[in-house]
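Undergrad: Before we start, here is the structure in question, set down as structure tokens.
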Amino acid sequence: MKKHNYSAGPCILPQEVFEKSAQSILDFNNSGLSILEISHRSKDFVAVMEEARALVLELLGLEGKGYQALFLSGGASLEFLMVPYNLMKVDGKAAYLDTGTWANSAIKEAKHFGETVVVASSKPENYNHIPKEYSIPTDASYFHCTSNNTIFGTQMKSFPTTNVPLVCDMSSDIFSRVLDFSKFDLIYAGAQKNMGPAGTTLVVIKEEILGKTGRTIPNMLDYQQHIAKESMYNTPPVFPIYASLLTLQWLKNLGGIAAIEKINEAKANLLYTEIDRNPLFKGTAAKEDRSNMNATFLLENEAHQEKFDAMWKAAGISGLAGHRSVGGYRASMYNALPIESVQVLVDVMQELEKNI
Ligand SMILES: *Cc1c(COP(=O)(O)O)cnc(C)c1O
């Protein structure tokens, strides 16, 4: 039986994506060949890459606005260093907002390249909120933020207006809510949280911000090289890109980001309402900053843990354990998680209340 999969990443994808991508391994486009055994330069795969890159820009509303979409490798973690390599001016500085473990990792990599200004941090409160009062140095090469903090269950509900390029790690909430994506100059996201399997990273860049650092960049780490080679500078991760394309097609057929946003809001509302109502549970993130993707919560009384764990496991729920730095539980409600799965969890929480 299919589980109710709350895994934080890699995570649940639409069932039709599993089915179609499985079929492509056996016989891709009725070619008599597997997608795993054809050239990435073949007509069939080039078409996949072209459609995926175009569909990303279409879904984000960035067509014809000077942006390029790339499917790279190395995870979001490689972008932590590709961003400063490509954007931080020699002898310049970069500004970062520290809202969680991933933001912190990005800051550490930037420090290898030059002065890294942390404009605000919620680390002293174990990242339970998003700092809102800060100013961005006007001479920074860029400002970097993390839209959704996967581990701590917080999400930026608004983004600063600034004269410097705006860079955002959207790994865990890309394609989940409507934003004015044209406010951003560079967006990156590891595929495995909301778009596809692990193995590829989406990077969306406003081309005009590139080539201004005065640095010599090794080809593999140079966004301009990847753009010039149409995201095929080297052999791309063909299967993760194909599965990502299938997810993007699924999203488009559903009505795009505006449609999935409504569903995501309904799921998050359902769960947070229960967390707040049920006296056995409490949320860990500041209410105004709660993530619609990852809901983090604790049992008020740890003595109930064994019982609760047995109950949700018996209900077919998987992947609910919290990250070790927060403890408790984390319900990741990415795009492909159906609202029925959230109802199953809420029912178990109410069942526990009745049984205590
Ligand atoms: C998971 C995650 C990362 C790390 O992604 P990798 O692809 O494993 O490098 C970075 N940022 C955020 C916000 C994440 O959720």
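Every residue gets a Cβ built from N, Cα and C, even glycine.
Below are the features I grabbed from TrEMBL:
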| type | residues | note |
| --- | --- | --- |
| DOMAIN | 5-345 | domain 'Aminotransferase class V' |
| BINDING | R41 | L-glutamate binding site |
| BINDING | A76, S77, W102, T150, D169, Q192, N234, T235 | pyridoxal 5'-phosphate binding site |
| MOD_RES | K193 | N6-(pyridoxal phosphate)lysine |
Undergrad: Measuring Cβ to any atom of ligand 1 with a strict under-6 Å cutoff, which of the binding-site residues R41, A76, W102, T150, D169 qualify?
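TA: What lies within reach of ligand 1, judged by Cβ under 6 Å, is A76, W102, T150, D169.
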Undergrad: What's the most sparsely packed of the binding-site residues S77, Q192, N234, counting other C-beta atoms within 10 A?
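TA: The binding-site residues S77, Q192, N234 were compared, and N234 has the fewest Cβ atoms within 10 Å.
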Undergrad: How far is it from R41 (L-glutamate binding site) to T150 (pyridoxal 5'-phosphate binding site), counting Cα to Cα, in Å?
TA: 35
Undergrad: Where does N234 (pyridoxal 5'-phosphate binding site) sit by DSSP, helix, strand or coil?
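TA: Assignment for N234 (pyridoxal 5'-phosphate binding site) reads coil.
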Undergrad: Average the per-residue pLDDT over the domain 'Aminotransferase class V' (5-345) and send me the rounded value.
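TA: When the pLDDT values over the domain 'Aminotransferase class V' (5-345) are averaged, the result is 98.
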Undergrad: Compute all pairwise C-alpha distances among A76, S77, W102, T150, D169, Q192, N234, T235, the residues listed as binding pyridoxal 5'-phosphate, and give the largest one in whole angstrom.
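TA: Taking every pair of listed residues, the largest Cα separation comes to 30 Å.
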Undergrad: Please report the Cα separation of the residue listed as 'N6-(pyridoxal phosphate)lysine' and S77 (pyridoxal 5'-phosphate binding site) in Å, rounded to an integer.
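TA: For the residue listed as 'N6-(pyridoxal phosphate)lysine' versus S77 (pyridoxal 5'-phosphate binding site), the Cα atoms are 13 Å apart.
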Undergrad: Out of T150, T235, which has the highest number of nearby Cβ atoms, where nearby means within 10 Å of its Cβ, if these are the binding-site residues?
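TA: The most densely surrounded of these binding-site residues is T150.
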